[in-house]
Every structure is written in structure tokens, then in C-alpha cells.
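Per TrEMBL, the features are as follows:
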type: DOMAIN; residues: 28-284; note: domain 'Protein kinase'
type: TRANSMEM; residues: 329-346; note: transmembrane segment
type: TRANSMEM; residues: 358-379; note: transmembrane segment
type: TRANSMEM; residues: 386-411; note: transmembrane segment
type: TRANSMEM; residues: 417-439; note: transmembrane segment
type: TRANSMEM; residues: 451-472; note: transmembrane segment
type: TRANSMEM; residues: 492-514; note: transmembrane segment
type: TRANSMEM; residues: 521-544; note: transmembrane segment
type: TRANSMEM; residues: 556-577; note: transmembrane segment
Amino acid sequence: MRTIDTTIVQHELPPPGEQSATVVLDRYSLIRRLGSGAFGVVWLAHDEHLDRVVAVKRIEAHDPEMAARAEREAIAAARLNHPGIVALHEAGRDAEAVYLVSELVRGATLRERLIAGQLSDRDVVRIGIALCDALSHAHQRGVVHRDIKPANVLIPDRPDGEAGIVKLTDFGIALIGGDDALTRTGDVVGTLAYMAPEQADGRPAGEQSDLYSLALVLYEALSGVNPIRAGGAAATARRVGTRLPPLSQTRPDLPVGICEAVDWAVQPEELDRGTLADLREALIEGLDEADTTAGLIDATVIAGYQEADLLERDDPAPRQRPLSVPSRLIAAAAAGGLTAASLLAVSSASSTAGQQPMWVALAAACAVGLLPRAGTLLVAAVLGGLFVAAGLPGWAVLLGAALLPAVLLLARDGSSWLLPTAAPLLGMLGLAVSFAAFAGLRGSPRERAALGGLGFWWLALAEPVASGRLLLGQLRYSSGWESSLSGGVDVVAGLISHGMPLVALVWAAAAWLLPYVTRSGVVALDLIGSLLWAAALTASTVLLAKALGWPLDAPASGVLVAGSAVAALVAMVGAAVHPRR
């Protein structure tokens with residue numbers, strides 16, 4: 001909940017400071033001092049060789065520790081090349097100082113933007129996603145920042161693409177490749193109010209420490225308060241390592257998934273925090289639901305937070321963490337399952353295709369796990385080619401008809417494109433209806449609905465290929481339809497004409513609705529809600545399918561009942577591990 005403060009005016013550039021005509025490193029004319037700190041002075045400068053404006057950080061050379069820190073920042077920055085990280089152009093020194101020459105970012109720090117009330121919740125979420133990407137780039141190259149805070153996050157006035165909406169700066173205390181020459185065991189580096197507990201204790205700081213600091217920055221940006229910061233250094237130190245009150249307790253208007261992800265990323269224990277990928281995924285899922293109104297956090301919210309903070313510290317018992325499986329792992333499993341099932345089906349249906357090695361399924365899983373979007377498209381292309389080569393081009397049409405809606409509806413989350421394949425795989429076990437319950441466990445309402453509907457669509461498209469009934473059974477198709485592209489098109493058209501998209505909408509609505517009827521926090525009510533939800537889904541599927549002329553018999557009823565029972569069980573488990581706060 002944000003309010004607009006019209007009394008705050010923010011300048012595009014800092015007001016003119018100390019002027020200088022000094023030329024350093026034989027090419028950079030220092031024009032104006034932009035700022036200073038314990039680590040040196042930053043100047044606006046002109047590159048006389050390339051005729052461009054740059055930022056020059058000047059660090060006194062007579063201080064060996066500061067000089068070593070400057071060298072450290074240069075080495076760290078030289079490893080990195082990412083739009084979300086300030087680019088280092090050059091490093092050098094003379095008899096008086098060490099100089100770090102970097103790109104000039106015209107804009108303000110995250111701290112300044114927050115103070116001015118210029119950011120909305122959605123802006124903060126976008127910034128969080130971009131910072132996850134920037135830190136992931138650094139971590140992959142062996143660089144741990146160790147000083148993530150709002151003052152070290154620059155927000156350009158004119159960003160270059162979505163990845164460049166922020167610029168992470170100041171790698172002066174970065175840990176590079178495990179070699180920390182600046183500190184010894186027991187030393188503490190960083191900013192105390194944003195420091196991970198293990199870092200404050202003088203223990204080694206790693207990627208999880210950066211995750212904690214980033215999550216704490218997001219916590220502050222969304223709640224208006226840094227719960228660790230106190231009146232002085234000693235009081236702040238006493239708060240480091242304590243459990244923070246749930247973000248949703250003071251900002252119940254925020255998307256639940258974002259609150260949960262931030263809460264778990266600021267857990268005191270490193271192993272409880274998840275990963276940058278987990279945080280990024282939750283931020284992406286909640287982006288569309290985040291409010292777009294810029295302003296300051298309402299004062300009543302902050303006051304309520306401070307009261308909640310005291311209540312939370314009176315009860316330090318750890319909260320239960322929701323069960324979470326990385327989406328890429330699920331996507332990889334789905335790709336492997338789809339590929340394996342396709343290979344077996346082709347081997348069974350085609351007399352010209354021999355048994356394909358199952359390591360192809362493992363390769364497909366690895367491809368999708370590493371590169372969800374590109375991997376999914378590659379797997380689809382390979383399977384489509386396999387179908388055509390085996391004389392089954394109609395199957396290739398069905399695969400394309402199944403994948404295209406997933407790409408369109410879940411365009412930003414490639415790791416979800418193949419998740420609907422679980423529906424026909426569950427159908428092979430007689431549990432197809434339960435897929436809607438699994439879809440209902442996703443954090444974003446939009447994704448829940450999309451996966452629920454797509455699951456039924458994949459199921460309907462798989463029925464003509466399956467050797468047995470998956471849910472509703474097969475319609476009557478022309479003989480040999482699978483041997484031609486036009487035959488595959490006829491099958492898709494037949495499914496549409498029989499109203500299968502309408503049943504898909506029922507499943508979409510059920511998946512969207514599930515968390516609202518099963519997470520009251522009261523076990524008995526959640527149990528009743530799960531049973532009623534599963535029964536309503538099954539009944540709606542049956543009644544609508546019959547109304548649309550789909551042939552149903554006793555075996556189909558048995559499959560529906562079994563799937564409904566498992567769906568209720570999944571819903572109850574989901575209510576237990578994802579309780580509403």
C-alpha cells in the first residue's frame with residue numbers, strides 16, 4: 001500500500017560539486033565530484049581519447065587496505081559483462097591514487113528512489129528480477145558481491161532493455177573464486193544492516209549470503225522498513241540473525257508467492273533460503289499481480305510492521321517452509337517423460353522405426369533443465385521430425401497443437417511449457433483428473449489457470465494416440481489419420497468442434513480456484529473444501545463431456561472416480577504445505 005508524497009523533488013543529476021581540471025591516467029579529465037565515501041571519491045570525468053563521459057573512482061594509494069580493495073574491485077568487475085552490472089572500462093594508478101574508470105550511470109540509487117517514493121510494487125519486483133539475473137551472472141563467474149544494499153543499486157534514467165533497468169555496483173569487497181585476500185576468518189566486511197548472519201559472524205560468505213542481502217533489500221523496498229536496522233551499530237548487530245516477521249503480515253495486498261519467496265530467502269540458516277532461481281521464479285510469477293501505483297509505504301503500514309516485529313520476536317519458533325520443487329527440475333522430468341513415451345509409441349506404431357535408445361529421453365531432460373525455452377523447442381522439433389520420419393506426420397500436428405497454446409499462454413516462463421505433459425502421463429495411470437490439483441499448487445493465479453486448461457487440452461490430444469483410455473476415450477477418426485498432416489488437422493478440428501476447449505476452461509477455473517477453497521488454516525474446513533472441489537471438478541467434466549456428445553462408459557467412470565480421489569488428496573497435501581498466512 002503506497003501513497004504519493006508530492007513534496008519530494010528528485011534531481012536527475014547531483015547538484016554541482018567540487019570542480020577540477022585534473023587529468024589522470026593521461027586521458028581522463030576530472031570535471032565534478034559526484035560523491036564520496038570511506039572507499040574513495042567518485043568523479044564525473046571526460047575521456048579525452050574516446051570523447052565520452054565516464055565515472056572515475058579515486059582511491060588514495062597511501063592506504064594499503066583501500067588500494068587492495070580497489071584492485072579487488074577491478075579484478076571482480078573485469079570478470080563480468082552484464083547489462084545489470086556497471087561496466088569497468090579501465091583501472092590504473094599513479095603515485096597518489098588508484099583509479100577505477102567505469103560507465104557513467106545517469107540516474108539515482110535504489111535508496112534515493114525509495115526515499116522519493118518514485119517506485120511502485122511492480123517496479124520493485126522488476127528490479128528484483130533484474131538483480132537476480134545480475135547476481136546469477138556474477139556467481140557463475142566465481143564472484144560473490146557481499147555488499148548488496150540499496151545504495152549499491154543504480155537505477156538508470158534511460159535503461160537499455162529490461163535487464164538494464166538496474167546497475168549493480170561496488171564490487172570492492174567481492175569474494176573472487178574462493179580467494180579472499182582482504183579478510184581472515186572472523187573478519188566482518190559489508191554493511192551490517194543488510195548482512196547475512198553467517199557474514200556478520202565472520203564465517204565465509206557465499207552465494208547464499210548475496211541471496212539473503214538481496215531479499216532483505218526487497219523486503220525493505222516492499223515494506224518500507226529494514227527490520228534489521230536499529231538505532232545504533234550494537235542494536236543492529238543484536239538483530240542480525242533473528243527471524244523476520246512475514247512480509248504478508250504487513251503487506252497482505254502483495255502477491256502471496258512473492259511474500260513467501262522473500263520470507264524464505266531471509267531465513268537465518270543458509271540451507272533454508274532456496275536459490276536465486278527460486279526467488280526469481282516467484283518474482284516473475286507475481287509480477288502481473290503487483291500494484292503499479294508509485295509512492296511511499298503508508299505510515300500506518302510501517303507502524304503496524306513495528307508492532308508485528310515485536311510480536312514475532314516474542315515467538316522465535318521457526319515457521320514451516322512450504323514444500324518446493326525447482327521448476328526446471330519438474331520441466332526436465334516432463335521433457336524426459338514426453339520423450340520416453342513418444343519413443344515407445346513410435347516403436348509400437350511404426351513398422352519402419354526401430355527401438356530408440358532411452359538415453360535420448362535423458363538428453364531431452366538435460367536440454368530442458370539447462371535451457372527451458374530453447375530446450376523445449378528443440379525437443380519438440382526433434383520429436384516432430386521423428387514422427388514424420390516414422391510415417392506419422394499426424395502425430396507431429398498434434399504435438400504442435402499441444403505446445404503452441406502453452407508457448408502463447410506462458411510465454412515468459414519456458415520452464416512451464418511442458419508441464420501439461422503430466423496430464424496424459426497421469427492418464428496412463430488412470431489418474432488424469434488429479435492433474436488439475438497439481439496445477440492448482442502453482443503460485444500465480446494466471447499460471448494455475450493456464451496449466452489447468454492446458455493439462456486437459458494435452459490430455460484430449462493424447463487420447464487418439466494412446467493405446468488405451470486416458471480419461472474420456474477416443475472419438476471416431478478416419479482410418480490412417482496419423483499418416484498424413486491433413487489427418488492430424490482433422491483430429492484437432494474434431495476435438496475443437498466437440499467442445500474440448502470448453503472442458504479445458506472448466507479445468508482452468510478449477511485450478512485457479514483451488515487455493516481459495518482449501519487454505520483456510522482449519523484442517524477440517526480444508527478437508528471438506530478439498531473433497532468438494534474434487535467432486536465438483538469431476539462432475540463438471542462428466543456432465544459437460546456428455547452434453548458435448550462425448551462417449552462415456554463404465555471404465556471411464558472408474559477412471560474419473562480414481563482421479564477425483566487422488567485430486568482431493570493432492571489438494572489436501574497442498575493445503576498442508578502451503579497454508580494461507
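The count begins at 1 with the first shown residue.
From the backbone N, Cα and C atoms, a Cβ is placed for every residue, glycine too.
TrEMBL labels come from automatic prediction, so no person has curated them.
For the domain 'Protein kinase' (28-284), the model's average pLDDT works out to 86.
The transmembrane segment (451-472) and the transmembrane segment (358-379) are not in contact, since fewer than 3 Cβ pairs between them lie under 8 Å (pairs 6 or more apart in sequence).
Just going by CB pairs under 8 A, the stretch in 329-346, 358-379, 386-411, 492-514 that sits most against the transmembrane segment (417-439) is 329-346.
Beyond the transmembrane segment (358-379), the same-chain residues lying 6 or more positions past its ends with a Cβ under 8 Å from any Cβ of the stretch are 328-329, 331-340, 343, 403, 413-415, 417-418.
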